[in-house]
2 protein chains.
Amino acid sequence: MKVSVLGCGRWGTFLGWYSDKIGHNVTIWGRSGSKNLEELEHTRKNKYLYLSETTKLTNDLDATIDNSDYIIISISSQHLRNLCEDIKKSNYENKTFILCMKGIEVSTGKRLTEVFREILGSKVKLAVWVGPGHVQSFVKRIPNCMVIDSDNKDVTEDVVKTFSSDLIRLYIGEDLIGDELGAAAKNVIGIAAGMLDAVGYSSLKGALMARGAREVSRLIKAMGGDEITAYGLCHLGDYEATLFSEFSNNRRYGENFVRGTLNDDYLAEGVSTAKAIVKLSDDYNVEMPIIRGVDAVLNGELSPHKMLKDMFLRSVKKEFY
Amino acid sequence: MKVSVLGCGRWGTFLGWYSDKIGHNVTIWGRSGSKNLEELEHTRKNKYLYLSETTKLTNDLDATIDNSDYIIISISSQHLRNLCEDIKKSNYENKTFILCMKGIEVSTGKRLTEVFREILGSKVKLAVWVGPGHVQSFVKRIPNCMVIDSDNKDVTEDVVKTFSSDLIRLYIGEDLIGDELGAAAKNVIGIAAGMLDAVGYSSLKGALMARGAREVSRLIKAMGGDEITAYGLCHLGDYEATLFSEFSNNRRYGENFVRGTLNDDYLAEGVSTAKAIVKLSDDYNVEMPIIRGVDAVLNGELSPHKMLKDMFLRSVKKEFY
């Protein structure tokens, strides 16, 4: 199949590499002026992998879309709306789009498929691809499981079939709301994990996993999804990569934030997601003390030590409510 | 209150230390001839902590029980039946017993409260105390959350009140079956995590958490508990300590087993629990590929590499079923 990837960051470039490995005809697109695209064009590699000779690189969006059956999008969540406006000018109607990204639009509180459909309409075939997996492990041939979801069972099954392999086992998701929210929210729990690491409370990550997944499952349910989805690959299944791994952007962001060692040019997805989820928790009247606490610390409204203690030791009597 | 702890291993001795710190009058009991008891008597300390001067040490079971309001039991699960036979000879009827241990009786497939009640009757007050927590962290004053459960709400609430502190926040559990099974089963998932570490597949621990908790929740439901309990402190909440920590006996056992570096004198609780759960999964007709796989590897029936690959990459189409 003709597969293109819009976005040439770590994850997008990996998805191009992967699609090529499993036999597709791959084009990777980046904006003109993108440093990542420039590096790939000059060296055919990045820090993690080498591209095959047949993988095309381009900054021509219209031609890329025109020439693809499947279009994977992997860019920063807050830029999706702008990219969709650009896609709208192309011949996009009969393609299958797959969002491989994790976030919520902070200005609207909308899920990424909602943003996409708002601009490109309800008829385009659209799926999400979420769940665990480090580029660093995949390129060493260490397999993992991920999940595909959409609002159309046939699309979900087709994408699973087109992109499954021995390296990435794709499961069929049946709760788009849950899979999108769960995937986005795990980045905020990752920041909380980094904060625990910074204050020497790493042993509270077990409680963080149980209590964090619980509040996310409450939000999913309130928004019309299935509460069990938070405990699937999209959220809990991504906790190893996000809460424990040295590779996790969001965990490192939380740790550096508390230590006061953040670089100015570096922002984790979970920062805007925390803001968006606080808004959703207000709109849907769902108690979310951990994500709310992370947001308050990031906004400088609360000291991380106080937040982390309160977060786990507040006087809730019953475990499930 | 007068609190005694039966068992003077790492966890039992810690619970004596903790009960003393929060103001109880503490006796720690060990069998005559116990090496741990001997060490404590001679040095008043073990590898992890020092006992206060007022903490009593004894090998007199009858006097210990006679002189206690609350009796915590923390011994190896497979020895509970024998200890209960000994307790039966004492003046035990009006005491509150708390099982701080994680396992299933392998010869019968019974939960530990079932074993206890079979011998000591249905009238004795009996609770379980499970969830995450490293001795090594608690003695450094790093707090954690745990859960108390029982078949009697008043007993649960009384135990929570008697043993809660800023160091250990105790939650009220409301699913005894789930809390006992979940706590026992996490040791088997811990062995699986160690096997992943041994073969360099640590990045599959996210999938292990999602898929492992899922099969345990199915068993809990089949046995009459609430499937959500697997995602609480008793099981998922203990995953940090069990799947990721260098301190975890079960994780280390799995790693050493696969590497072929096991010491003969060392057995993890999860080994017998795996056997017991395989029996339960047959009895209740619940599919449990991970725990069954761990048991098969431990019995030499399957190579760990094959098991670990099959475990995550078998062709299940839907994530939740």
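Backbone N, Cα and C define each Cβ position, glycine as well.
As recorded in TrEMBL:
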DOMAIN    B:2-154  domain 'Glycerol-3-phosphate dehydrogenase NAD-dependent N-terminal'
BINDING   B:G7, B:C8, B:G9, B:R10, B:W11, B:G12  NAD(+) binding site
DOMAIN    B:175-308  domain 'Glycerol-3-phosphate dehydrogenase NAD-dependent C-terminal'
ACT_SITE  B:K186  active site, proton acceptor
8 Å Cβ shell about B:G7, B:C8, B:G9, B:R10, B:W11, B:G12 centroid, NAD(+) site members excluded: B:V5, B:T13, B:F14, B:L15, B:N36, B:S74, B:I75
Count of other CB atoms lying within 10 Å of the CB belonging to B:R10 (NAD(+) binding site): 19
Which of B:G9, B:G12, all binding-site residues, has a Cβ with the fewest other Cβ atoms inside 10 Å: B:G9
The residue listed as 'active site, proton acceptor' and B:R10 (NAD(+) binding site), Cα-Cα, nearest whole angstrom: 19
Surrounding CB atoms that lie within 10 Å of the CB of B:G7 (NAD(+) binding site), all protein chains: 26
Inter-residue Cα distance where the pair is B:K186 (active site, proton acceptor) and B:G7 (NAD(+) binding site), in Å: 22
